[in-house]
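Take a look at the structure below.
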Amino acid sequence: MWKLKIAEGGSPWLRTVNNHVGRQVWEFDPKLGSPEDLLEIEKARQNFHDNRFTHKHSADLLMRIHFAKENPMNEVLPKVRVKDIEDVTEETVKTTLRRAINFHSTLQSHDGHWPGDYGGPMFLMPGLVITLSITGALNAVLTEEHRKEICRYLYNHQNKDGGWGLHIEGPSTMFGSVLNYVALRLLGEGPNDRQGEMEKGRDWILGHGGATFITSWGKMWLSVLGVYEWSGNNPLPPEIWLLPYVLPIHPGRMWCHCRMVYLPMSYLYGKRFVGPITPTILSLRKELYTIPYHDIDWNQARNLCAKEDLYYPHPLVQDILWASLHKFLEPILMHWPGKKLREMAIKTAIEHIHYEDDNTRYLCIGPVNKVLNMLCCWVEDPNSEAFKLHLPRIYDYLWIAEDGMKMQGYNGSQLWDTAFTAQAIISSNLIEEYGPTLRKAHTYIKNSQVLEDCPGDLSKWYRHISKGAWPFSTADHGWPISDCTAEGLKAVLLLSKIAPEIVGEPLDAKRLYDAVNVILSLQNEDGGFATYELTRSYTWLELINPAETFGDIVIDYPYVECTSAAIQALTSFKKLYPGHRREEIQCCIEKAASFIEKTQASDGSWYGSWGVCFTYGTWFGVKGLIAAGKSFNNCSSIRKACEFLLSKQLPSGGWGESYLSCQNKVYSNVESNRSHVVNTGWAMLALIDAEQAKRDPTPLHRAAVYLINSQMENGDFPQQEIMGVFNKNCMITYAAYRNVFPIWALGEYRHRVLQSQ
C-alpha cells in the first residue's frame, strides 16, 4: 500500500532550509494495509477507470483513505438537506460548516499544511521518463510499483479517440499523444500491448500526420531522446544569454518560468546532445512517422505543427527570425572560430542552471526545468554531485491518486492552500472549536516564509529579492511570488488577532515588514502586480513566443489576482501597523486599484489567469477594489461586476464555469449547465463583499442551498471539473479548492448575511 510521508528527509543527498517542512512524498510499503484497505483502494481505482471518459478528474481518494486511518474523525454530524431558501437557517449553515471543517481538518498533515493533488498537465511525466531513460536511472529511481502506477495514469487519461490531451480534460493533441506514447514505450510497454491502447495511440499520431507535427517543446524532447533530428528544431541558441541586459530580448527580462525552461533547452541545443540509441529508440523511429525516418525533410519539419495543438500560431516575423538563425548563424556557431562563442555560451548557461538548482535545493522552479536541469547536469558529468542531488527531489513531484501516479505542476501547492484554508476557517467564526487546526496551519505558514535573499549579486542571476516573501509551496523551493506573499501575510495578520493560547504566537513584526517590503517592491509602473518579478520587457516580445501550445509566456504580465491580493494584504497590514511606510502603502494601494479598474472587461468581468476563469478573476477584482475602500455605491466597476456575476447564476442556484472560458476568453458554462462548488464559492464571496445582501439576499440564499445540498455524507465536497489554469490553455488541479471555497463562502454567508439580518 502507498503511504504519504510528510516533512521527512531520509537521504544524504537532500538539502533543506527548514527540516523539510511541507515536503510530501509517496512511498510504497508492501507490508502496509489490511485486506479491507486494499479492497477499498482497488474499488476506487476500478470506479475511476470505468467512468474515466465522463469523470476525468480523480477525487484524491488514496490520500483520503490514508488520512482516514491517520486522523480519524471523532464524530460525523448528520447531513443537512434543505429544500428551499426558507429552510436555510443559521443552524443549518453552522452544521454544514462544522461537518465541512471537521472533515477538512482530518486532511491536515502533522506539519500544518494540507497536502493534495496538483496534477492535471499531461506533458510533465514524459519529460521525467525520457530523462531517466537517457541517464540510465529509470529503474533505480522508479520502482516497479511506481512504473505500474504511472502506466495506470497514462492509460486512464488516454482519450476515447486514442490520443492524449495537453491536460486531463483536454482533447487529443500531437504534443500529448506522442510524448505519452513514447513514455509508455520507455516504461516497457510494447507497441501492441494492452487491449489495443498502444495501437490506438499510434493510429491517432499517424492519422494526424506523424510526430513531425509535434510542437517545438515536443521536438526538443524527441531530439534529446534520439527519435527526431536536431536539424528539425527551430534554433534555441544559448548565445542569447551573452547579450547585454539592456536589450529587451535578453532572457533575464523574460518571465522566470519561460527563461528557466529555455535555459536548459538552449544548453542541450547548443551541445546537440542525443541520448543512447537503443533498440527501443530505433523502433520508435519507425512507429512515430508516416514515412521512413531517413526520408524526412527535417528543415520542413521545423515549422510543422498539428492544428489540434496550435493555440498560439507563429507570426511571420518569428518564422523569418528562426529561418535566418537556422540558415546563417547556426553554421557559424557550430564551427571554429564561432564555436568559441558557443562554448562560452554553454558555460554561461550551465552556471545559471547550477545557481537555480542550488537555490531551490534541487527542486527547481517547476517540473519542466527540474528534469531538464537534471539532464544537463548529467550531460555535463554523469558522475557529478549535482546529478546525484537531483535524484531524490524527483519524488517531491510525484503524486498518487485512484487514477494512478502523476507528475505535479510544482512540488505542491502547500503554502497557497494553507493560507486560503486558514482564512476560510477564520471566516466561519468557529475559531475556538478549530483552534488546534488553525494553530498547526499558523505554524506551517510561519515556517514557510523565505528568510533570506538568494546569495551573490542578484542582478547577475536576474533574481528579485526574496527575503520576507512566501512561496507557493515550501521554503525549500523558495521562489518568491507576489500573491503567495500577500495571502501568507493576510493569513498571519488574521491569526495575530486571535489569542496566542488558541493559535500560537504571532509572527514577529520585523518579518511582517519584510513581507510588506517584498510586496511594495513588486508593483509595476502601471500599478499592477505580476507573479514572481517586475514586468521587465514589452508585450511585443510575445511575437517571439516559440511555444505553440501556450499563450502569454514570454514576459511576467501584471494580473488582477496578484494585484488584488497585494491590495488586500497591504490594507490589512495598514490597519494593524498604521505607522509603517504609510504613504508608500497608500500610494501603492491607489495605483493598484486604478489598475484593476482599467483592466475590467466591458461586461463587468475580469479574466482570471490562474483559476477558471471570469468567476475567479471577478472575485479578485471585486475584493481588491473593496479592500481599497471602494463600494457598490461609489464604484461603477463593482456595480458592473455584480451585474455580471448575477447574470451567470444558474437555475440550481450555483455557478459553473468551464475551462473553455480560459482558452476561448468567452464565458462558458460547464457542460449541461451544471453548477460547481468552487465557482459558486468564488461568486458568493464576491457578492457578499459587495453587500449584495443589503440589496437582495435571494441570490446568496439560492447559492447557499446549492452548497449545503452538495455536501457529501462525510462532510467532504465532490470533486467536479478542473478549476486551475496557467498560460491561458493548460489546466491544473487544486484538490483542496472543493473544500476551502464552500467553507469560506458559507462562513462569510453565516456571519455577514444571516447574522446581520
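Including glycine, each Cβ sits where the backbone N, Cα and C put it.
These come from Swiss-Prot:
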ACT_SITE  Asp483  active site, proton donor
REPEAT    147-188  repeat 'PFTB 1'
REPEAT    512-557  repeat 'PFTB 2'
REPEAT    589-629  repeat 'PFTB 3'
REPEAT    638-679  repeat 'PFTB 4'
REPEAT    700-741  repeat 'PFTB 5'
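Outside the repeat 'PFTB 5' (700-741) by six or more residues, the chain places 56-60, 63-64, 73, 76-77, 79-82, 84-85, 87-88, 92-93, 96, 99-100, 102-104, 107, 114, 116-121, 166-170, 311, 409, 413, 417, 420-421, 424, 549-553, 608-613, 616, 649, 652-656, 658-659, 662-663, 665, 670, 674-685, 687-688, 692-693, 749, 753 with a CB less than 8 A from a CB of the stretch. Averaged across the repeat 'PFTB 5' (700-741), pLDDT for the predicted model comes to 97. Taking DSSP states H, G and I as helix and E and B as strand, the repeat 'PFTB 4' (638-679) has 21 helix, 4 strand, 17 coil. In the three-state DSSP assignment, the secondary structure recorded for Asp483 (active site, proton donor) is helix.
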